[in-house]
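This report refers to the structure that appears directly beneath it.
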């Protein structure tokens with residue numbers, strides 16, 4: 001996702017900086033209102049269907065009966081927010097098509113979660129991803145992970161609500177706080193009452209609206225500039241069609257290696273361990289459906305990326321033919337797309353409203369996912385372990401109250417965002433700083449059986465310190481040394497196409513007149529390598545501390561918490577090295593059929609027979625008689 005927030009072009013309220021250039025017609029307001037009404041109707045339908053018979057599992061996990069396609073579209077919508085719709089075309093317009101190579105990372109970024117993370121999470125029958133941390137380490141690590149995630153999302157969700165509304169207000173005159181309040185209230189109602197199932201089905205509807213809105217802009221825009229072929233030709237003549245930049249320097253903002261491989265770690269922090277996505281995997285009917293939904297996201301993401309890039313190219317060709325006004329040229333980058341759409345679609349009643357509906361669909365899908373995931377982790381990780389005596393009715397009521405509470409908190413954070421001024425960039429950046437360390441924490445647990453709880457906690461803290469050091473250091477350095485923008489290659493603060501990196505680009509310093517050295521150069525590390533750098537810090541520090549504190553000696557290791565891929569990797573090592581990983585002892589532990597969550601069974605959390613079977617019966621074809629210890633580790637059922 002991208003919000004083109006730049007220090008050289010600060011994002012300010014329209015009342016202070018901009019003159020309204022376009023107004024909505026009645027038809028546009030009707031189209032926009034239909035989005036809100038239909039989203040609310042879908043949510044309320046699932047809320048009142050079977051009212052009084054809902055369980056916590058239905059509210060938080062959609063009763064674990066969702067199909068592959070709705071889960072896939074919801075996975076896509078969760079991190080395809082309004083900032084992506086605004087930011088990616090702006091990135092292409094300003095810097096060319098180099099960003100398009102980010103699509104190269106999507107395949108690995110989805111295959112790895114499908115075959116590394118999903119099998120572990122699904123077979124453990126989790127509700128919160130952070131339950132894994134207690135099973136692998138202890139309760140303290142679980143709480144650390146949960147609190148980190150809550151901090152990350154609370155900081156972010158107000159900004160993702162406020163920033164698009166601010167840009168819309170600046171360009172169209174659409175009332176700022178009316179849009180913020182409307183979005184926040186509608187989203188809070190259907191998320192709190194309808195739960196995850198309502199969120200997933202509204203995501204499906206909102207994804208279709210996003211596709212339709214962007215498609216309209218491409219079709220109308222291409223006809224105005226003489227077709228997509230002509231738009232490509234114009235962009236090529238002006239140097240906006242980028243070749244493959246093979247520079248391996250990690251301090252260059254966008255290269256093929258940065259986008260294709262640094263982006264993989266960014267994707268893993270989203271689609272591998274983020275609660276909003278894990279919760280959707282776990283709502284699938286079967287593990288196979290969860291994996292298929294992950295695969296189904298890949299072509300959808302490619303289509304979304306292509307559409308956003310094409311809008312950027314069409315916008316560039318359009319403004320070569322019809323030059324920007326002075327006001328538009330001086331606008332913040334995240335406003336370019338809105339100015340373009342209002343110029344392009346004026347005189348076509350209903351189409352500007354459709355694009356605004358597309359924009360706000362992105363906000364609704366992201367914010368509703370944040371509310372739902374925050375309510376889930378708060379309930380499952382911070383409340384239920386300490387108050388297991390809650391009845392089903394009490395737990396449902398508390399879950400809904402939590403969702404409402406986070407909705408109100410989101411509105412409060414949106415107001416705080418409006419008062420932050422330049423500090424808004426730091427708030428955005430905090431979100432991206434946390435994704436990498438959390439990825440490192442889960443990888444430490446799944447791939448390194450020797451890692452212990454002290455190592456996990458110290459590693460997570462080291463990763464967060466490193467992330468904040470680089471992130472805040474880059475902002476401070478940028479402010480201290482100033483920015484000297486150049487017309488063709490200054491770095492903007494466009495936020496790439498996913499939630500974890502939303503803020504990461506805001507950390508990137510613009511190109512200066514002199515090449516940075518020392519710490520300044522360190523602070524100019526490309527934002528796409530942040531997840532890789534910070535997750536590696538967690539793993540390295542975690543392993544060192546684990547070794548110094550005796551590893552897992554004297555502690556019990558649950559073999560189900562080790563990734564199935566680990567055993568396959570160990571099989572490739574020499575026999576002497578395999579013994580160091582104690583593969584045999586892990587496989588022997590697996591022969592004992594013990595439930596992963598006996599306390600959940602005793603507390604009645606597994607209500608239906610399918611849930612109980614999932615804990616005790618292997619999937620068809622998953623048990624292999626006479627398997628080696630490696631395959632027992634990989635295929636043991638829960």
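Just so you know, glycine gets a Cβ as well, placed from its N, Cα and C.
Noted in TrEMBL for the protein shown:
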- 610-630: region 'Disordered' (REGION)
- 29-48: transmembrane segment (TRANSMEM)
- 68-88: transmembrane segment (TRANSMEM)
- 100-122: transmembrane segment (TRANSMEM)
- 143-164: transmembrane segment (TRANSMEM)
- 208-227: transmembrane segment (TRANSMEM)
- 255-273: transmembrane segment (TRANSMEM)
- 294-319: transmembrane segment (TRANSMEM)
- 351-374: transmembrane segment (TRANSMEM)
- 395-417: transmembrane segment (TRANSMEM)
- 423-448: transmembrane segment (TRANSMEM)
- 455-476: transmembrane segment (TRANSMEM)
- 527-550: transmembrane segment (TRANSMEM)
### Query
When you check the transmembrane segment (100-122) against the transmembrane segment (455-476), do you get at least 3 Cβ pairs under 8 Å, counting only pairs 6 or more apart in sequence?
no
### Message
Taking contact to mean 3 or more CB pairs closer than 8 A (sequence separation of 6 or more), are the transmembrane segment (527-550) and the transmembrane segment (255-273) in contact?
### Response
yes
### Message
When you look at the transmembrane segment (294-319) alongside the transmembrane segment (68-88), do they share 3+ Cβ pairs under 8 Å, ignoring any pair fewer than 6 residues apart in sequence?
### Response
yes
### Non-local residues, at least 6 beyond the ends, that sit with Cβ under 8 Å of the transmembrane segment (294-319)
68-69, 72-73, 75-76, 80, 84-85, 88-93, 97, 99-100, 102-103, 106-107, 110-111, 113-114, 118, 210-211, 214-215, 217-218, 221-222, 224-226, 228, 230-232, 234-235, 238, 240, 271, 281, 336-337, 340, 343-344, 497
